[in-house]
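Undergrad: Here it is, the structure in full.
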Amino acid sequence: MGNKKILRDHYYLEAKARGYRARSAYKLKQILRRYKLIKKGDVVVDLGAAPGSWLQVAREYVGESGLVVGIDISPIKPLPYDNVKMIIGDVRENKVLTELVGMLKQGADVLLSDLAPKFTGIRHLDHVRQMELAEISLQYARRLLKDGGSVVIKALQGEELENLLSELRNNFEKVKVFKPPASRKTSAEVYLIGMKFKRA
């Protein structure tokens, strides 16, 4: 995508004007406006948190009494809040999950995942890689979420989507597929929303 097209994008301009680190802040805001997943005082985990726009939005919702923990393989510029923590590491490595479990003694209320692979432009390959990360996100949710908790997982439309939805239905009483208005119309991106976590 050329720079001119980026500069014309409404959400890009809005994010820049309001101090969000990326236009993706509006995807999460639209998800939360629709599904009311995060409340004051919640503990929220954000997988694939760089550059930090979802951390910013989550912090707005949890307020001073909550906790937000972001994980990414890339460094994240710190946010000016004591209750926003960062772990730099690869979510595919056990030590990252172990560190997170140690940090969250009582578990998490909400797990967010905007994880994405480096896209190749080869549709099938990109779909498979995205769904592998979505599966990892679900594994984190199963390990970390409190009973009744919620999850938001980025996915791509395609042949593996229904399998992941079936897995989500085993662990969540309510499962939805949502494409925020801020997602580009040409993108196959969707977000899977799981509500009221239950251990299978």
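FYI, residue positions are counted from 1 along the chain as it appears here.
Even glycines carry a Cβ here, placed using N, Cα and C.
Automated prediction, rather than curation, is the source of TrEMBL annotations.
The domain 'Ribosomal RNA methyltransferase FtsJ' annotation in TrEMBL covers 20-197. Feature annotation from TrEMBL assigns S-adenosyl-L-methionine binding site to GLY52, TRP54, ASP72, ASP90, ASP114. Annotation source TrEMBL lists active site, proton acceptor at LYS154.
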Undergrad: Would you mind reading off the Cα separation of ASP90 (S-adenosyl-L-methionine binding site) from the residue listed as 'active site, proton acceptor', to the nearest angstrom?
TA: 17
Undergrad: What mean pLDDT score does the domain 'Ribosomal RNA methyltransferase FtsJ' (20-197) have in the model?
TA: 94
Undergrad: Relative to the Cβ of LYS154 (active site, proton acceptor), which residues of the same chain, six or more apart in sequence, are found under 8 Å away?
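TA: Counting only residues 6 or more apart in sequence, the Cβ neighbours of LYS154 (active site, proton acceptor) under 8 Å are GLY48, SER113, ASP114, LEU115, ALA116, GLN130, LEU133, ALA134, SER137, GLU189, VAL190, TYR191, LEU192.
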Undergrad: Over all shown protein chains, what is the count of other CB atoms within 10 A of the CB belonging to TRP54 (S-adenosyl-L-methionine binding site)?
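TA: For TRP54 (S-adenosyl-L-methionine binding site), the count of other Cβ atoms within 10 Å is 29.
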Undergrad: Of the residues named as S-adenosyl-L-methionine binders, GLY52, TRP54, ASP72, ASP90, ASP114, how far apart in Å are the Cα atoms of the most distant pair?
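TA: Output for S-adenosyl-L-methionine binders GLY52, TRP54, ASP72, ASP90, ASP114: max Cα distance 18 Å.
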Undergrad: Taking the Cβ of ASP72 (S-adenosyl-L-methionine binding site) as the reference point, list residues of the same chain whose Cβ is under 8 angstroms away and which are at least six residues distant in sequence.
TA: LEU47, GLY48, ALA49, ALA50, MET86, ILE88
Undergrad: Where does ASP72 (S-adenosyl-L-methionine binding site) sit by DSSP, helix, strand or coil?
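TA: The residue in question, ASP72 (S-adenosyl-L-methionine binding site), is strand (DSSP, three-state).
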Undergrad: Please work out the number of neighbouring Cβ atoms within 10 Å of the Cβ of GLY52 (S-adenosyl-L-methionine binding site), leaving out its own Cβ.
TA: 22
